[in-house]
There are 2 protein chains.
Amino acid sequence: MNTIISKLGKFTSETAQVDEAAIKPLPNSRKIYVEGTRPDIQVPMREISQSDTAISSGTEKNPPIYVYDTSGPYTDPAVKIDIRAGLSPLREKWVDERGDTERLSGLTSAYSRERLNNPKLSQMRFNLQRPPRRAKTGINVTQMHYARRGMITPEMEYIAIRENQRREMMEAQGNELLVRQHTGHDFGAAIPRLITPEFVRDEVARGRAIIPANINHPESEPMIIGRNFLVKINANIGNSALGSSIQEEVEKMTWAIRWGGDTVMDLSTGKNIHETREWIIRNSPVPIGTVPIYQALEKVDGKAEELTWEIFRDTLLEQAEQGVDYFTIHAGVRLPFIPMTAKRMTGIVSRGGSIMAKWCLAHHQESFLYTHFEEICDIMKAYDVSFSLGDGLRPGSIYDANDEAQFAELKTLGELTQIAWKHDVQVMIEGPGHVPMHLIKENMDLQLKYCQEAPFYTLGPLTTDIAPGYDHITSAIGAAMIGWYGTAMLCYVTPKEHLGLPDKDDVKDGIITYKIAAHAADLAKGHPGAQIRDNALSKARFEFRWNDQFNLSLDPDKAKQFHDETLPQEGAKLAHFCSMCGPNFCSMKITQDVRDYAAQQGMSEDDALKKGMEQKSTEFKEKGAEIYSKL
Amino acid sequence: MNTIISKLGKFTSETAQVDEAAIKPLPNSRKIYVEGTRPDIQVPMREISQSDTAISSGTEKNPPIYVYDTSGPYTDPAVKIDIRAGLSPLREKWVDERGDTERLSGLTSAYSRERLNNPKLSQMRFNLQRPPRRAKTGINVTQMHYARRGMITPEMEYIAIRENQRREMMEAQGNELLVRQHTGHDFGAAIPRLITPEFVRDEVARGRAIIPANINHPESEPMIIGRNFLVKINANIGNSALGSSIQEEVEKMTWAIRWGGDTVMDLSTGKNIHETREWIIRNSPVPIGTVPIYQALEKVDGKAEELTWEIFRDTLLEQAEQGVDYFTIHAGVRLPFIPMTAKRMTGIVSRGGSIMAKWCLAHHQESFLYTHFEEICDIMKAYDVSFSLGDGLRPGSIYDANDEAQFAELKTLGELTQIAWKHDVQVMIEGPGHVPMHLIKENMDLQLKYCQEAPFYTLGPLTTDIAPGYDHITSAIGAAMIGWYGTAMLCYVTPKEHLGLPDKDDVKDGIITYKIAAHAADLAKGHPGAQIRDNALSKARFEFRWNDQFNLSLDPDKAKQFHDETLPQEGAKLAHFCSMCGPNFCSMKITQDVRDYAAQQGMSEDDALKKGMEQKSTEFKEKGAEIYSKL
């Protein structure tokens, strides 16, 4: 997979192509759109059709299953994808209608203008013709602001339809085996039976959920992050000074959303960050997050002490006008907290946190992110960029988990949340890191308390340090748990964590692993409808509908590939066994045999079992009912 | 990896060879032996040496780290491995000394004699010269029996030394960074600071731990399974009618123990089960478990209804005299429980459970495993085979989790535990299966209650059904949690679960994933010394000792391979950055820079930070201390 660069040669905007693997239809799947109250609300879902079940009286239909679809137009064969043109701006009309923004005559950021006018970059530049948009002077254009004024935006309605995944329709079918679900344990969440547009509005208004939706990213399909909604996952991509190209980063993005990435963070720290980001945003149907301080640092050649508020501010404007949907801002790394990290095993492991710590120490000054926080809010609300308040002091080892520095910062993030909310700016809070299982819940509890239920967005946490190469797994354990406890979005960790830059294979491994964690959390919380897919897949498994089992899984390609390693013949897809046990030993088959045996006796299985039982029960009772009495 | 058969051609006892990959020394590791109170107690550990840390005044030594070593003599270059001869019988003298067993003149099992005398099998037979051993008439030779009589066996002392992993020595060195550890949360376990031989004895006597140690498997290195000891993992191997050879199964075993398998279950259901098992046991330093009903079913050509107590009994004797250390016996699948499974999504998914259910229904009789349970105990105590009471009614889907059938069986397993304990026979209890996170704890709580703290041994549980191809991960989440709650041994799940027979790659993936889960559980329980390896690895990581980071990890090969994909040069192993962020962005490097910066100011880092803080603090206070007042 990592041979893209060599295959394609130098990246140019003229020759840029979509990754063929990203637009291949998923097996037995169809893109459908559910219409809202207006024809331009068309909510995409993936419909997975199933084959019939053979029963004695003929066949029984298995209904199609609907799953949340993050892949955007890429998996719609009716849409012609040309990454040079970017995606269609589906939200543009909605933003226009609100009439509270204006088209700018040019780019606000000096750096953006410089990049635009640099002839050397023309070959790699995405040529966006549309001028950037900004709120009219003095106006707030955040979804939170609308929500607080009682307005249900098309974005909110879109989200309500999307979150329900047609479960009201599935439930109306009355198929108990499909829709029955365990009562969850949600630790005080407030998940309704059905998500309504009004519920979305209310959650955004009170800050319990965010809709990352920059007015300059109209290509994005609205989604929500909050503890009363489906748990989301984020995929980090981005180049470094040592590797990757624009083409490769765009491919990581399209690959990540194909497998279920709900948002993507572009963490590039290498060459041409500005142009790379533009290509990603123009082609991304999911919100894009960044850490602006990374690029600001590049602008001062990596010398943290030379960073200034002005450079940082220009970077915020640059990225806000490109359409970044959320910014990680490490404003909680305050000067007084830095000494608290001196006794740590691994100091400050957040890149943003360490950059700011270095700046603070070099200047013996409070962080400019903290001192300029309200000015940052002013920028955020002019474009509707959401805060992702960074945990710059997160623990980088089990040893450092839940220490004074970490929680001092978390408390500060809670204070900053209040300030952002004062401005009606949307906020989520980043969380750790490396935390042993028994200390995870304290993180969630304190976050809920300090940050008043602003959505928590955690990296793992990793539950042990001893497995580099497998940190997608060490962290999936912690991620599933903290997702259950109430975390709204889980930032994936790939197998390459601590070791190298992830390639496309790693991106997919990270995504699938985190889809597992997020879904396990939804099940444990008892999120309505979450169990439908498990039920459908297990029914297919039990009935030896192998292809349905593969197609309903998170990764149909791998499931099929593993099965086919030992039984590649097409006929084996109908066989009532697999290579694990062979024909005689399959427990599923034996259970079927038990049911068939009962059917042959001319009674229903249940009756057959009960009848046999009653006879035996009487016998046992006559013999004294105690099996061990005779021994 | 799966090309072994084709490489080696037909397996014959004459040409059988050890897998070269299994005897390769692990990097920077040395096998050491810690001697007990007698010279023939030599407890193996793996010593991982570390490089020095460069500090301003020269270098600082990093002590070697000791890790639990399941790999047996295979990783000791001083031992010449010849799998045709089998391993040296290290426990033979201890068994002899006790004087309570006798050598039999021949094999007790009719089937074993038939196999021995079948000339067609001579080419593939492991030719054990030693006659089998059995307890003298009327004598009980279980470790539990000795323990209850107050006897500390060499096995118990061996285990005490092994469990401590030299942590008393590490602690005596006074290296706070290495030995400091979070206080755990152990849900009522009773883990002592140091494991003593007397503690081992006491735990075995009360049934809270077992030492699977068949007198006919003297090659095994004693180990213990109990909630107050390190969490163990089991690896399932075994052929099926559709694949694998003796050579391949032996290689899976040696591969599994290399990466940390504490026990191995041979679940073969295909050809030459008897001979395959003999080869595995003779070459295994870890306890071997089996499910005897699988082989019994093979003896009646897969027709469950033709199974009889006599055939089963002969199979128990056959396997007990080969040296199987624990038997999974599905004696809790009682006739009255079978109808409870009729409404399930996936019926009975345990192979053993479904075989017994079919037998019960066909005969309308109570299971012969249940009715003959005390006779089974008599066999167990004559060879010291431990029970692993099978969960034949475990849920095979999220839908079926924690249902009536499952818990009815669990309660029965508790009753059977009491019967086994009456005979001083060691018992552990098998657990599920598929369980959403929020229903996992109920499994543990009921198991502790019904089975009086007999060790719990769980398969996962899988926390969702929707990820075939990744069920090592769906289940690692559940395994880590239930391990934390008190499960003593975790049965691995490989990526091939539900799809096919695992090959060597899958075995390794399953093992590493479960080592992660078990270790995460140890950390969360606060098992003394568990954090040493995390601390050492994190220190190495922070100090850019790349090779030490790799060598201390669960899989040095993969860690190094991932790192080297982007930075293969040997010099990069000393570089203070990696390909993730490149030289300017590495947070670890920046933190080091912060510390260096402080050092340049002629003060300790801590002082520098404090000094700067004090100055600033004064300034801030003079300005009114409220950063937002001026905005």
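Including glycine, each Cβ sits where the backbone N, Cα and C put it.
Segment annotation: TrEMBL labels region 'Disordered' over residues B:607-631 (candidates B:57-81, B:607-631). Checking the candidates B:Glu374, B:Glu415, B:Glu430 against TrEMBL: the one annotated together with B:Asn236, B:Met265, B:Tyr294, B:His330, B:Ser350, B:Arg351, B:Gly352, B:Asp391, B:Gly392, B:Leu393, B:Arg394, B:Tyr457 at the substrate site is B:Glu430. Per-residue pLDDT, averaged across the domain 'ThiC-associated' (B:25-102), gives 96. It is 18 Å from the Cα atom of B:Asn236 (substrate binding site) to that of B:His434 (Zn(2+) binding site). Filtering the binding-site residues B:Gly392, B:Tyr457, B:His498 for a Cβ under 8 angstroms from any Cβ of chain A leaves B:His498, in order along the sequence. Close to B:His434 (Zn(2+) binding site), meaning Cα to Cα within 10 A, are the following binding-site residues out of B:Gly352, B:Gly392, B:Arg394, B:Tyr457: B:Arg394. On a Cα basis, B:His498 (Zn(2+) binding site) lies 17 Å away from B:Gly392 (substrate binding site). By neighbour count, meaning other C-beta atoms within 10 Å, the densest spot among the binding-site residues B:Tyr294, B:Tyr457 is B:Tyr457. Local packing around the binding-site residues B:Asn236, B:Ser350 was summarised as the count of other Cβ atoms within 10 Å of each Cβ; on this measure the leading residue is B:Ser350.
Put simply, B:His498 (Zn(2+) binding site) is 16 Å from B:Gly352 (substrate binding site) when counted between their Cα atoms.
Residue counts of the domain 'ThiC-associated' (B:25-102) by helix, strand and coil are 11 helix, 26 strand, 41 coil (DSSP-based). The sparsest Cβ neighbourhood within 10 Å, among the listed binding-site residues (B:Arg394, B:His434, B:His498), is found at B:His498. Between the CA atoms of B:Ser350 (substrate binding site) and B:His498 (Zn(2+) binding site) there is a gap of 12 Å, rounded to the nearest whole number.
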